[in-house]
Amino acid sequence: SAGFKAGVKDYRLTYYTPDYETKDTDILAAFRVTPQPGVPAEEAGAAVAAESSTGTWTTVWTDGLTSLDRYKGRCYHIEAVVGEENQYIAYVAYPLDLFEEGSVTNMFTSIVGNVFGFKALRALRLEDLRIPPSYSKTFQGPPHGIQVERDKLNKYGRPLLGCTIKPKLGLSAKNYGRAVYECLRGGLDFTKDDENVNSQPFMRWRDRFLFCAEAIYKAQAETGEIKGHYLNATAGTCEEMIKRAVFARELGVPIVMHDYLTGGFTANTTLAHYCRDNGLLLHIHRAMHAVIDRQKNHGMHFRVLAKALRMSGGDHIHAGTVVGELEGEREMTLGFVDLLRDDYIEKDRSRGIFFTQDWVSMPGVLPVASGGIHVWHMPALTEIFGDDSVLQFGGGTLGHPWGNAPGAVANRVALEACVQARNEGRDLAREGNEIIREACNWSPELAAACEVWKEIKFEFEPVDKT
């Protein structure tokens, strides 16, 4: 038979191409590959390239009907991971034609699809992706971005302050709205629905939206500042999600929220388009991310999920804290914080960035620091995250001994003190505690907060330092 030989052949014969020069239009991926014993690194890397692009386990005669050279993924470089036995970084280049325009869903179905269950691999982790401008330009991206958000809110020169309303489940809509009002009245910019607040028997979504809108307008009238509450529009169907977003728009509130991993990228992109068309900001929560990103040798690093979110669309996204209860190693966290905010990010392996990423004109996303943080953390957070961030204190506001509003006052005073000290040229890292103590002298609310949280630390070694 001419030109076709049935049977199984090594992937590396076709898909391992160390001489390949990557194109500007290729999507590049860096995989951490742990081959099964006896499987050579080149074969494992080639298998990843094949199974996430055009390959299948055997030769098929329909290969002759297309141009493999044009469409196949290529493993173009492999390097051993220093300090790890039998772990390699395999670099794979994918031709742009393999992916549907404007669909994170399709991109992930290929790149992190079936290949993760592949038998020749003991484990596989996607560490980073390089998205070429020729692909990122097919996405709308964030509904508004950092600059437009500041203009909408009329807040400049400092991080924004938020608070998740607790207890996360069980409050009635009226009491929930009351808690929102107190926090906003005290000086916060935003309050937040918890990620698992959708529309449960104790509080249906429409009631919550109404009482929260009332709280926002009352707090705005009293403070003269623009306020917001992240109304969680996440729902069981896309239609229901959009219905909730429409109601939020009708109420005239500035921002809604979505759980982008549990809701899914298709739903998220749908909502992001609606938000841009209707002037709503979109806050993104990353519930379920640790299922995907916490294992060091398998899954996907959060920096990839963060890039995907910037493409799919969101104006805020949770990004760990570096200092609180939820995990985050400083350099790695700052690496993907930059990937969210900046236009152009240089390759820097010490920060986990495997590829130079050029977002061209795609708007940036505000990173949200949230989880176990309180007033004593304020200098570190201001120093680490800078102005373009949202600092979110849940228990750190509502746990104040005098109530929610004084808790909000304490956080706002601490933030303003840190920003002023920084602008005066003081060193927040060294003088942080002193700056907070000085501010306590003219804010009894802050003094009370400092007393409550003076000893609390979450001291665990982070799991993932890579």
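Every residue gets a Cβ built from N, Cα and C, even glycine.
Swiss-Prot names ASN114, THR164, LYS168, HIS318, SER370 for binding substrate. Of ARG286, ARG294, ARG341, ARG349, the residue it gives for the same site is ARG286. In this structure the C-alpha atoms belonging to HIS318 (substrate binding site) and ASP194 (Mg(2+) binding site) are separated by 12 Å.
With a 10 A radius on its CB, GLU195 (Mg(2+) binding site) counts 22 other CB atoms from all the protein chains.
The least crowded of the recorded positions LYS166, LYS168, HIS285, ARG286, HIS318, judged by other CB atoms within 10 A of its own CB, is LYS168.
Taking the Cα of ASN114 (substrate binding site) as the reference point, the closest of the recorded positions LYS166, LYS192, ASP194 is ASP194. Sequence-distant neighbours of ASP194 (Mg(2+) binding site) (same chain, 6+ apart, CB under 8 A from its CB) are THR164, ILE165, LYS166, LYS168, LEU169, ASN232.
Separating the Cα atoms of LYS192 (Mg(2+) binding site) and HIS285 (active site, proton acceptor) is a whole-number distance of 10 Å. Within 8 Å of the centroid defined by the CB atoms of LYS192, ASP194, GLU195, the record's Mg(2+) site, lie the Cβ atoms of THR164, ILE165, LYS168, ASP193, ASN196, VAL197, TYR230, ASN232, MET257, HIS285, excluding the listed residues themselves.
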